[in-house]
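Q: Dumping the structure here so I can ask a few things about it.
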């Protein structure tokens, strides 16, 4: 006989507003709490306010400058 599952749902914090978000299929914007928070985060990445640390792949001084052509 199997035991009934009494697992607590996984709760995460919204990366934008820090509110609690249940991590399941019924949370369509996870890890965000809403479409608004998802779009705020997307805008921060698009404006390069957020980035993944590391050396840049190329720069204008690497010979890819438009002035060259």
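Positions of Cβ are set from backbone N, Cα and C atoms, glycine also.
Just lifted these from Swiss-Prot, have a look:
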| type | residues | note |
| --- | --- | --- |
| BINDING | 14, 17, 33, 37 | Zn(2+) binding site |
| REGION | 46-69 | region 'Disordered' |
| COMPBIAS | 59-69 | compositional bias 'Acidic residues' |
Q: To see if you understand the setup: which same-chain residues, six or more apart in sequence, place their Cβ under 8 Å from that of residue 37 (Zn(2+) binding site)?
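A: Looking at Cβ-Cβ distances below 8 Å from residue 37 (Zn(2+) binding site), excluding near sequence neighbours, one finds 14, 15, 16, 17, 29.
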Q: Quick one, of the binding-site residues 14, 17, 33, which Cβ has the fewest other Cβ within 10 Å?
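A: Among the binding-site residues 14, 17, 33, the lowest count of other Cβ atoms within 10 Å belongs to 17.
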